[in-house]
Amino acid sequence: MASPLDQAIGLLIGIFHKYSGKEGDKHTLSKKELKELIQKELTIGSKLQDAEIVKLMDDLDRNKDQEVNFQEYITFLGALAMIYNEALKG
């Protein structure tokens, strides 16, 4: 039986692949796919304006290929986890 951490990692991977490849490369997120993922999977997503999502995409897209690959996605989740951790500390 998978541990809770194994399950969490599987969920993060599954969510990436749920949205990647709806258009174009199935191993990356386009701007449209990233926007949909953020809006549907993150509580803060519905509060973000389009311009904020575009800025986030630009920040995440380290290699500037106009798509977010899995490594860039995981980097985003790591940064988000750090923000959540700080918020929980007080």
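Cβ from N, Cα, C; glycine included.
Swiss-Prot has this to say about the protein:
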| type | residues | note |
| --- | --- | --- |
| BINDING | Thr28, Glu33 | Ca(2+) 1 binding site |
| BINDING | Asp61, Asn63, Asp65, Glu67, Glu72 | Ca(2+) 2 binding site |
| DOMAIN | 12-47 | domain 'EF-hand 1' |
| DOMAIN | 48-83 | domain 'EF-hand 2' |
| MOD_RES | Lys40 | N6-acetyllysine |
| MOD_RES | Ser46 | phosphoserine |
| MOD_RES | Lys47 | N6-acetyllysine |
| MOD_RES | Lys47 | N6-succinyllysine |
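The Cα atom of Glu67 (Ca(2+) 2 binding site) lies nearest to that of Thr28, taking the recorded positions Thr28, Glu33, Lys40, Ser46, Lys47 as the candidates. Glu33 (Ca(2+) 1 binding site) sits 13 Å from Asp61 (Ca(2+) 2 binding site), counting Cα to Cα. Cα of Asp61 (Ca(2+) 2 binding site) to Cα of Lys47 (N6-acetyllysine): a span of 21 Å.
On a Cα basis, Lys40 (N6-acetyllysine) lies 19 Å away from Glu72 (Ca(2+) 2 binding site).
The modified residues under consideration are Lys40, Lys47. Their Cβ neighbour counts within 10 Å are lowest for Lys47. Note: Ser46 (phosphoserine) has non-local neighbours Gln39, i.e. same-chain residues 6+ apart with C-beta under 8 A of its own C-beta. Confidence in the domain 'EF-hand 2' (48-83), given as mean pLDDT, stands at 89. Nearest neighbour of Asp65 (Ca(2+) 2 binding site) by Cα distance, taken over the recorded positions Thr28, Lys40, Lys47: Thr28. Same-chain residues with CB within 8 A of the center of the Asp61, Asn63, Asp65, Glu67, Glu72 CB atoms, the Ca(2+) 2 site residues themselves not counted, are Thr28, Leu60, Arg62, Lys64, Gln66, Val68, Asn69.
Among the recorded positions listed (Lys40, Lys47, Asn63), Asn63 has its Cα nearest to the Cα of Thr28 (Ca(2+) 1 binding site). For the pair formed by Asn63 (Ca(2+) 2 binding site) and Lys40 (N6-acetyllysine), distance between Cα atoms is given as 25 Å, rounded to the nearest Å. Least crowded of the binding-site residues (Asp65, Glu67, Glu72), judged by neighbouring Cβ atoms within 10 Å of its own Cβ: Asp65. Asp61 (Ca(2+) 2 binding site) falls outside any helix or strand according to DSSP and counts as coil.
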